[in-house]
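Copied from Swiss-Prot, the annotated features are:
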- Lys11, Phe59, Arg87, Thr93, Arg104, Asn114: ATP binding site (BINDING)
- His117: active site, pros-phosphohistidine intermediate (ACT_SITE)
Amino acid sequence: MAVERTLSIIKPDAVAKNIIGEIYSRFERNGLKIVASRMVRLSQADAEGFYAVHRERPFFNDLVKFMISGPVMVQVLEGEDAIRKNRDLMGATDPRKAEKGTIRADFAESIDANAVHGSDAPETAAVEIAYFFPELNIYTR
């Protein structure tokens, strides 16, 4: 497997629960290095731009409203098969369907307030990382 980078967002519901450290520990225990991170309060334009691919979906406005409701932690994760590992750690989008021990099963409240976001493919990861870290040099530890 190749070393990959993926974007992860700890959403407002999880930030409000003060579980950033627990989520970071799960990343690191599973071989994912945090090579860039920052806390940000998304504007409506930021959230709409990031989730533009979902603009025509019925949940778009609720998603944007939720993502601007509080600060988020945005991080770049790096490691072998990072995209798949992160998605496995997150669990199913609907926390009621997420496997026990996943971030969403343990911490998410609903399909809307589902604690985390993660890139779903290498192409998506590249676009999402550039969205939040456009001019940042990211270095491997």
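Cβ atoms here come from the backbone N, Cα and C positions, even for glycine.
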Long-range Cβ environment of His117 (active site, pros-phosphohistidine intermediate), under 8 Å and at least 6 residues apart: Leu7, Ser8, Ile9, Lys11
Chain-internal residues, separated by at least six, CB under 8 A from Thr93 (ATP binding site): Arg104, Ile111, Asn114
Per DSSP, three-state class assigned to Arg87 (ATP binding site): helix
Which same-chain residues, if any, lie at least 6 apart from Arg87 (ATP binding site) yet have Cβ under 8 Å of it: Gly118, Asp120
Three-state secondary structure, the residue listed as 'active site, pros-phosphohistidine intermediate' (per DSSP): strand
Cβ neighbour count (within 10 Å, all chains shown) around Arg104 (ATP binding site): 24
Arg104 (ATP binding site) - helix vs strand vs coil (DSSP): helix
Spatial neighbours, same chain, of Phe59 (ATP binding site) - Cβ under 8 Å, 6+ residues apart: Asp112
Site extent for ATP, whole Å (max Cα pair distance, Lys11, Phe59, Arg87, Thr93, Arg104, Asn114): 21
Other CB atoms within 10 A, centred on Asn114 (ATP binding site): 23
